[in-house]
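K.L.:
Once you've had a glance at the structure underneath, I'll fire off some questions.
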């Protein structure tokens, strides 16, 4: 094998460099398997990595019975009932036939075991089917790709992937048949998203026309297997010693499907259970609801009551034995020595016997019944067609089956803004270039028409039509400017590879063919300016005149359009949307996006020695180091326009550029490449690299983009407010934009006071919070109007509504406190979340009806939710639609994901998924109320019926010398819970409605019933216990006095008692049932 020495030379270079590193334990080294003889597995350094065979089964034929029983005995209830059943086998304490007492427990354990066995068998069949799927793996001996099973794949193998093929492992992309060296994949099995993602060939292999595995002689070092789907760090070291960084865009994940790419080749990095897909396969989420936690406390009280009743019976039996002495019955149990048992020992035996007799007090079927009811409740929620969105063809999804009742007890809602309250469909409305403002209002009307046109697009394409192709910003042939959109659907469906190649402009770094979904026609006045600039440039080029003679205003407009195109800010894009122009390097950090391009280039080689760096920034901080009178004037005017755009609720972006010399670019590039190839702290180093460019910027202009509110958002927020829910909005938008949207969606009321907290330091934040507290306390504790001027004296806090607006309304003080709104920016929020200030921040925030947190990061969102939940001990719900909302969703008691424009990551992390925000109203106010009310009443009824039945046997002990006998047949006693009284409450727990859906939505105040736990308070358990003992007295003594002085046998007297008790229990349930349906035959 001739290539082996070359490969060994690469290894020597690698290991020489490797000895200098101290991070060996934190990375994985992958070699190509073709460099080693597979018959000598001991020489292959990849031999220690997991193979690609998966095994998701839990049991084997030998381990099933012991392992399954061990898992079931983790439930305390199962251990308890097995103990009771085994206790019944002890002769001196048994109360029933031992085999009969064992039947209920064996039945429950067997049903669970059969269910687990069936599920494990299905997993076994699925594993076998997956492991025996075929893939093409390069063979060293045959020097070609051969078919192998997935389970035979190893780390370091080269595999060839074809269109519509599922990826068998995590593969580093080394070659693609796509002209741009891209590979399109569908990730629906990982994150639920159906839109295609783009992955790119490793940079050093882009220029290869075809990939030959025999010529591969590189070594890969990457991070160890982890479950982060959005991160992959590593580098590849070549024979020359040069290193190239590896990113998540180079990695194809197991389970994804190749689309729109004829062929791709890669090397396996992670296999089997070490792939990211398998590491993310954690099974369904489990949460304990608030009602379940309260129920567990009451089950504990049932155990205490049981022990008290058994102790009382044991003491009674001992006293009875002691009192009667020699008059004891001749059939009493004797000791093993044949002598009489002492009263104390007899009382101990009786105590254990009574545990068996009174075991029904602990409801064996309660937990099973709850699970059945919750499954039925989820089914009926799914069947609600009012929660179906026809536009997106999506329905409510319930991803956590065990917290449906929590929906009816929410107290705080934390919501994202973009994509949750708004459509996340950006419309280019206004822009300012060089201090001159241009309106684009016509776009709003034009783009509104595309919703209807989209439905016709596919029909047009299928008939051979092609969509218009995007041209460059300036057309040198015509001197006119045309901004059009190109959809990759066109050349992908027609198979025109030449069309796709023309769309990409000769870049081999991060240039892509970018689909823009809608045509954008800017303001005619601006277009005239650009056309004038383009015509003048053509004239100057034709006459060989220098381009620096272009007037400054036209030059700024031209640069502005180039920056828009390069940074792709005409339509705000998702992270995976392709870029637009030829770029040499791109960085995307925080709120900025940088693009570096050659000012005059041919095939990416600069000819002028200068490089233009363009950036789009979210306008949080404008360049403050602008030089020159003209630049300062542009800065001043742009800032004013930004404030106007934000006041109109538009999302703002600033465009700036910076010109670098060849030496400056080379110096920056060297550091940037070092950051790209770093495995540890890569994000931090890349961020620092981007910051080095943010000096001496030339401001070009800014854009204003509209993000419209979703339908029904103001009405939904108003209804949830009436229901007593506190609503906080946590957004990353700038403060002015967020406030405007908050007013539009009725989160903030113009008639209420608004406290705005903006602090530059932690000390200033402490002062602001302290003064806010004093202001609120003064307003709360006295009816006199506080002096708002005292608060205004402190920088950063503003009271924006007259204090007397609510003071004269005649409401009580608590109402005045709730007529407040709090607005806080991200920097101040970071200070407020400090341990020393979090209590003061909560005191201010909980006094306000609405809270708006601007410029908040994903970490801050989760910290706010966790702080409110843990400190205030309230039920929290978090709702969002993007990856930046995942941490917030997972921290809350109930997480809701919106299946919107930002992918499915929030949905995958949520407990419930909704198509639109407005559906939250019915989910909480109707289904949440019903689920809580039904389950609370069912649990209380369970305790009632079991306590009543046990009390009948307890009263009988007073007439049988506390002997532990029962007047009920043992079959009836054992199966009372499983058969005779199990089904009625399942029906009411699933179908009962205390209030109609229409009434619940018209009167949101009824939701407070669940917030205050009115259906299940601690005292209600004891009321039910008292009621059960009282009704049992009636059911016991009416037959007793009816049969007094008669000679009927025990069961003839006991059967009417138990029958009367059963009818009383069912009648009690009928009285508690709120909904009755008449059947007409």
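Every residue, even glycine, has its Cβ placed from backbone N, Cα and C.
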K.L.:
For the feature transmembrane segment as recorded in TrEMBL, pick the matching range from 76-94, 133-151, 152-170, 171-189.
P.N.:
76-94
K.L.:
DSSP on residue 733 (ATP binding site), three-state: which is it?
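P.N.:
In the DSSP reduction, residue 733 (ATP binding site) maps to coil.
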K.L.:
Given a Cβ distance threshold of under 8 angstroms, which distant residues of the chain, six or more beyond its ends, lie next to the transmembrane segment (76-94)?
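P.N.:
Distant contacts of the transmembrane segment (76-94): 101-102, 104-105, 108-109, 333, 349-350, 352-353, 355-356, 359, 362, 364, 367.
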K.L.:
According to DSSP, how is the domain 'P-type ATPase N-terminal' (44-99) divided among helix, strand and coil residues?
P.N.:
27 helix, 0 strand, 29 coil
K.L.:
Fewest other Cβ atoms within 10 Å: which of the binding-site residues 733, 881 wins that one? Let me know.
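P.N.:
Minimum Cβ neighbour count within 10 Å, taken over the binding-site residues 733, 881, occurs at 733.
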K.L.:
Provide, as an integer number of angstrom, the distance between the C-alpha atoms of residue 861 (ATP binding site) and residue 881 (Mg(2+) binding site).
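P.N.:
Cα to Cα, residue 861 (ATP binding site) and residue 881 (Mg(2+) binding site) are separated by 13 Å.
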K.L.:
How far is it from residue 733 (ATP binding site) to residue 416 (active site, 4-aspartylphosphate intermediate), counting Cα to Cα, in Å?
P.N.:
10
K.L.:
Within 10 Å of residue 881 (Mg(2+) binding site) by C-alpha distance: pick out those among the recorded positions 416, 418, 731, and say none if nothing qualifies.
P.N.:
416, 418
K.L.:
Is it possible to get the count of other C-beta atoms within 10 angstroms of the C-beta of residue 418 (ATP binding site)?
P.N.:
26
K.L.:
Let's check the environment of residue 416 (active site, 4-aspartylphosphate intermediate): how many other CB atoms sit within 10 Å of its CB?
P.N.:
29
